[in-house]
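Visitor: Got a structure here, written out as structure tokens. Questions coming.
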Amino acid sequence: MAAKEIIFSEKARSRMVHGVNLLANAVKATLGPKGRHVVLDKSFGSPIITKDGVSVAKEIELADKFENMGAQMLKEVASKTNDHAGDGTTTATVLAQALIREGCKAVAAGMNPMDLKRGIDKAVIAAVTELKKISKPTSDDKAIAQVATISANSDESIGNIIAEAMKKVGKEGVITIEEGTTLENELDVVEGMQFDRGYSSPYFINNQQSQIVELDNPYILLHDKKISSVRDLLTVLDAVAKESKPLLIVAEEVEGEALATLVVNNIRGIIKVCAVKAPGFGDRRKAMLEDMAVLTGGTVISEEVGLSLEKATTSHLGKAKKVRVSKENTTIIDGMGDNDAINGRVKQIKTQIEETTSDYDREKLQERVAKLAGGVAVIKVGAATEVEMKEKKARVDDALLATRAAVEEGVIPGGGVALIRAITAISNLKGANEDQTHGIQIALRAMEAPLREIVANAGEEPSVILNKVKEGKDNFGYNAATGEFGDMVNLGILDPTKVTRSALQNAASIAGLMITTEAMVAEAPKKDEPTPPAAGGGMGGMGGMDF
């Protein structure tokens, strides 16, 4: 086992704080509308230029082991806030730095670290309660666009495209972000339920121009096994043909005689039909077929529930306004399922999302919710170069997550103003003893840090602006982009409540741990071993050779 180096108390904390400052100073340069870029070197490919706090934090690794511990703990604040709320990483870093710096100073002055931590925690709980009081729900597209714009570093085009995507697929809908091929951002919306399986035979195609199958007001047969004998289908085919309606068959596989018969009947015009493989595998396939059944008001014909294909009638079939099948995808538009049943199914899947521990399962379950609840929107990010594309895509990701957070918990005035109002509301808070009260004061001072940093990055004097904002009431704040004061909500400068709350709670959590640290243990640096002396003397018989 390698030897360890151990440092204690003030020496330990000062090395840790130095690491915190190095990381925080690099990250906080990106805060606010006039925040600067940070360039990150990559071992291969072009460097990355970013204004995303968590991207900067993730790249930082310090040579000194003890300083690096401080930096890594601060990095945890940024990534936890990013995972939980999708934005606010720089705010969290700035808050944590202020709490740690002031807290460690107080410990050095002889105050009890545990009481300081209790004071900070007490102030944060009170501040979070106050933020929830200030919070307003996001009810309209305009507010959603404003939140997305702020999170995308004041890029209105990104804000508007996210608001449009949310409007089209609903708040539960899936919005995915891809790299585009043009200079402009594009939005593609897939209505209804789409799954990645196409027609079983090109002979089903009825729209030759687009090379797709289009079925209007079709019946939908859902089966969880293979269909190879046409005898199994005769009852259903007869009933559907009598009503002169098209039919979509979704089964594990339609093959052999059954597929050939369907193709022949389709070509002759006896019945308009299309067969498609069921999506997914195993249990996930069963669940997706059940989703389709709920969406279309049908029943999955399965032996598990005592149903066989021969006995199936039109009452077991689902219905939809339109079905579109291409070579690779099937889209069911406007399923005729019962709304209460659909909502119940969505609720059931959401419970599974909360219980699952696998990220992959969670993602797949969220996709299922979206397909039942709204649809899928794809934002294609456009840019001139690959470097710009990566930077822009990261901003769109941030903006989307921040927007979801705003929809979830509402919005508060941005630009650090909500924290200033929370300070005013809880300024009379007292602890159980003097050290706890000092901890509360540390937290209240730290809550000024985001506004100070936004102003400093805009090239103004933080103390002057801060005092003016403190004198104001409610939403009155400073717009760093234009250098004007005004109502932050009317100016469209909004932050999701969840983002600010998470930033404050995560910053306080890590700061509390650092303040109460008394010893640090790291691997001792290896001493350089002396190099062995060079072999003496030349080689005999080599004299006269010119080297």
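In case you wondered, yes, glycine gets a Cβ from its N, Cα and C as well.
As the structure is a computational prediction, the values presented were derived from the model and not from experiment.
Annotations per Swiss-Prot:
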- 30-33, LYS51, 87-91, GLY415, 479-481, ASP495: ATP binding site (BINDING)
- 535-547: compositional bias 'Gly residues' (COMPBIAS)
- 524-547: region 'Disordered' (REGION)
Visitor: Which number gives the other C-beta atoms within 10 angstroms of the C-beta of THR90 (ATP binding site), all protein chains shown included?
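Guide: A count of 28.
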Visitor: Relative to the Cβ position of GLY88 (ATP binding site), how many further Cβ atoms are located within 10 Å?
Guide: 32
Visitor: Please report the three-state DSSP label of THR90 (ATP binding site).
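Guide: Looking at the DSSP assignment, THR90 (ATP binding site) belongs to a helix.
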Visitor: Which residues of the same chain, at least 6 positions away in sequence, have a Cβ lying under 8 Å from the Cβ of ALA480 (ATP binding site)?
Guide: GLY32, PRO33, LYS34, GLY415, ILE454, VAL455, ASN457, ALA458, GLU460
Visitor: Around GLY32 (ATP binding site), how many other C-beta atoms are within 10 angstroms of its C-beta?
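Guide: A 10 Å sphere around the Cβ of GLY32 (ATP binding site) contains 27 other Cβ atoms.
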Visitor: Might you list, by sequence position, any residue in that chain lying six or more from THR30 (ATP binding site) with a Cβ less than 8 Å away from its Cβ?
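Guide: Set apart from THR30 (ATP binding site) by at least 6 residues yet with Cβ under 8 Å, we have ARG36, HIS37, VAL38, THR50, LYS51, ASP52, GLY53, VAL56, THR90.
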Visitor: Tell me whether THR30 (ATP binding site) sits in a helix, a strand or coil according to DSSP.
Guide: coil
